[in-house]
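Asker: Quick one: the structure is below, and I'll ask about it shortly.
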Amino acid sequence: WEFNGSFYQPSAFLIKGIPGLEALHHWISIPFCALYIIALSGNCMILFLIKKTPSLHEPMYYFLSMLAVTDLGLVLCTLPTTLGIFWFNVRRIGFDACLTQMYFIHILSFIESSVLLAMAFDRFIAISHPLRHPSILTRTTVTKIGVAILLRAVVSLLPLPFLLKRLTYCGKTELSHSFCFHPDIMKLACADIKVNVLYGMIILLSTVGMDFIFIVLSYILIFKTVIRLATKEECLKALNTCVSHICAVLVFFIPMIGLSMIHRFGKNAPPLLNTLVAYTYLIIPPALNPIIYSIKSSQIREALLRALQRK
């Protein structure tokens with residue numbers, strides 16, 4: 001512990017795996033390793049195929065490559081501490097290292113939310129204004145959108161580590177997960193955390209919350225456009241281009257909303273439920289997104305088959 005007058009700050013926090021199943025951590029690590037391998041290899045494959053295939057140099061696939069990079073970042077942020085505790089029971093993480101991990105986890109989560117919104121906008125333009133789509137979403141425009149997404153996440157979350165660093169902490173140092181999460185760290189403080197709670201709520205609602213609302217509005221407009229199409233075949237063809245994106249949105253937002261609700265209102269929720277929702281939120285989307293797009297996108301499948309045939 002570091003002591004400075006009445007100011008107390010732990011030198012480290014203790015992370016934990018799955019509560020009640022500590023004796024089975026070595027066995028539990030097997031499915032986690034499988035998910036991490038799928039996430040790493042799948043997203044690297046997506047990036048490789050998009051880079052090497054000229055026909056995939058389109059806005060939809062540029063946004064998909066942004067999603068893949070974000071998923072890789074999330075995997076690399078949580079993998080060391082998660083497998084460290086499952087394999088070697090390494091529970092200690094330094095205070096500053098914990099704040100750094102927390103900052104990047106939240107940044108990448110916010111970026112993923114914004115990229116999903118950009119992909120929804122791309123689908124709306126492609127279906128509602130197909131002839132103007134190439135001129136609206138040029139490569140320069142896509143690059144500017146990507147930079148804006150990154151800057152919004154970095155700037156909006158920059159105060160979080162400093163808001164946590166100013167707090168005085170009590171004797172408890174054990175976190176609820178195998179990674180560092182802002183609401184989790186905040187609850188260990190014995191100081192007034194109203195500023196942290198208020199800022200966290202405002203940022204969450206004004207970024208991820210607004211992203212989700214605009215994604216829903218985009219699909220309302222898409223469905224209105226699709227209904228006006230002449231034939232049933234055209235309707236199904238248009239909607240089929242959105243299926244993979246809808247799956248990615250549900251896989252990301254449902255666990256995220258669930259975890260936020262548990263941390264803010266689920267004081268009596270079982271620790272196991274909290275842990276499982278957190279792992280679902282941070283590990284399942286990076287593993288499933290490449291599978292979803294590989295199955296539903298014929299262009300990705302064809303590029304993968306060509307790559308395998310060349311080998």
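Glycine is treated like the rest: Cβ placed from N, Cα and C.
Features from TrEMBL:
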| type | residues | note |
| --- | --- | --- |
| DOMAIN | 42-293 | domain 'G-protein coupled receptors family 1 profile' |
| TRANSMEM | 27-50 | transmembrane segment |
| TRANSMEM | 62-88 | transmembrane segment |
| TRANSMEM | 100-121 | transmembrane segment |
| TRANSMEM | 142-164 | transmembrane segment |
| TRANSMEM | 197-222 | transmembrane segment |
| TRANSMEM | 243-264 | transmembrane segment |
| TRANSMEM | 276-295 | transmembrane segment |
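Where in this structure would I find these features, and how exposed are they?
Answerer: Long-range contacts of the transmembrane segment (27-50) within the same chain: residues 17-18, 21, 56-57, 61-62, 64-65, 68-69, 71-72, 75, 79, 82-83, 86-87, 279, 283-284, 286-287, 289-291, 293-294, 300, 303-304, 307, each at least 6 residues beyond the stretch ends and with a Cβ under 8 Å from a Cβ of the stretch.
Here the transmembrane segment (142-164) has long-range neighbours at 59, 62-63, 66, 99-100, 102-103, 106-108, 110-111, 114-115, 118, 182, 185-186, 189, 195-196, 199-200, 203, 206-207, meaning same-chain residues at least 6 beyond its ends whose C-beta is under 8 angstroms from one of its own.
If you look at the transmembrane segment (243-264), the same-chain residues 6 or more away from its ends with a CB under 8 A from one of its CBs are 67, 109, 112-113, 116, 119-120, 123, 181, 183-184, 204, 208, 212, 215, 219, 273-274, 277-278, 280-281, 284-285, 288-289, 292-293, 295-297.
Away from its own ends, the transmembrane segment (276-295) comes close to residues 18, 32, 35-36, 38-39, 42-43, 45-46, 64, 67-68, 71-72, 74-75, 78, 82, 105, 112, 176-177, 179, 181, 244, 247-248, 251-252, 255-256, 258-259, 262, 301, 304 of its chain (Cβ-Cβ under 8 Å, at least six residues beyond either end).
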Asker: Return the average pLDDT for the domain 'G-protein coupled receptors family 1 profile' (42-293) as a whole number.
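Answerer: Mean model confidence (pLDDT) across the domain 'G-protein coupled receptors family 1 profile' (42-293) is 91.
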